[in-house]
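Down below is the structure, laid out as structure tokens.
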């Protein structure tokens, strides 16, 4: 038995791993090396046997205790032992193999109480709002299809005076057990009954008012409150306006996804708002009052003398309200950009030149200090020979 790998190493778990960790590791390894996924691959077949043997030992507390104490020798040569030295005949692998085969063949093992009360499915729709509505909240009128309980059969789907009958396919259990051949014998799997959808009952005589569905569809109108501070792609939940529940379960919910229109003036990042404002050159140099547009309306802001283009100012509390507390708001950041005129009058040009002379004569100084040598015109042969 010296050539056998440690069972913990086979499953890729530590020696103090919990049963849940061991089961999870086995499921992952078994899916990876299952022979049905690698037909004719002897190496995968042997690998799968090794994984199955490791799990059979470590998943049983008593066998795990023996293995931790004696190693592989604890199961060497016992009566009824399998190829790897351990007897698998008493092992119940249905849950694990049910999950594995369910993934392979698209069924899946379902051991939940499918014929018990289940919540109805959620219904989804979208609503479009403006940038300003997203900041401060709003109320929107929605029209959508609502499935109302049938007034004749009261949701059963059966004709008045009749009842649902036991599903003949599943015998009222709501699930079907089927067997599947595996490398280690027959494995039982469970799936939801397709005839009764897991309820265990079927309608023999359908209600003429709802055609056996148990509900009637109608268009309804409802006002939905959109909270202040909601962001693009977030949803508002309207409880109890989804699909009807099953077997007396609660209705699903209406989930309204909010699509926020872009703003031509503002950008939003989480709870903060950003914008750009142009200022004149005199305002930038001398300082002065400017008008800034915010989501709350225009404000007057005093620009400091000597402000440079690209300067960012912060307007505290002029951003987006928090969804948790509308009294808490983000900030509004404004980038100031000096606007350069493309056309000016002769008087303005003369005044600007006078201003330049008074502040250092940069126009003439730059021309005097920059000495750019003139390029000598080359003859036809100099182009090739220098």
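The backbone N, Cα and C atoms fix where each Cβ goes, and this holds for glycine too.
The structure displayed is predicted, hence computed values, not measured ones.
Database features (TrEMBL):
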- 150, 153, 207, 210: Zn(2+) 1 binding site (BINDING)
- 6-71: domain 'J' (DOMAIN)
- 150-157: repeat 'CXXCXGXG motif' (REPEAT)
- 167-174: repeat 'CXXCXGXG motif' (REPEAT)
- 193-200: repeat 'CXXCXGXG motif' (REPEAT)
- 207-214: repeat 'CXXCXGXG motif' (REPEAT)
- 137-219: zinc finger (ZN_FING)
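This view paints the features noted in TrEMBL onto the structure.
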residue	record	Cβ within 10 Å
150	Zn(2+) 1 binding site	21
153	Zn(2+) 1 binding site	24
207	Zn(2+) 1 binding site	21
210	Zn(2+) 1 binding site	21
Secondary structure tally of the repeat 'CXXCXGXG motif' (193-200) (DSSP, helix then strand then coil): 0 helix, 0 strand, 8 coil
Segment confidence, the domain 'J' (6-71), expressed as mean pLDDT: 86
Assigned conformation of residue 210 (Zn(2+) 1 binding site) - DSSP reduced to three states: coil
Remaining residues near the recorded Zn(2+) 1 site, that is with C-beta within 8 Å of the centroid of the site residues 150, 153, 207, 210: 151, 152, 154, 155, 156, 157, 158, 206, 208, 209, 211, 212, 213, 214, 215, 216
Secondary structure content, the repeat 'CXXCXGXG motif' (167-174) (per DSSP, counts of residues): 0 helix, 0 strand, 8 coil
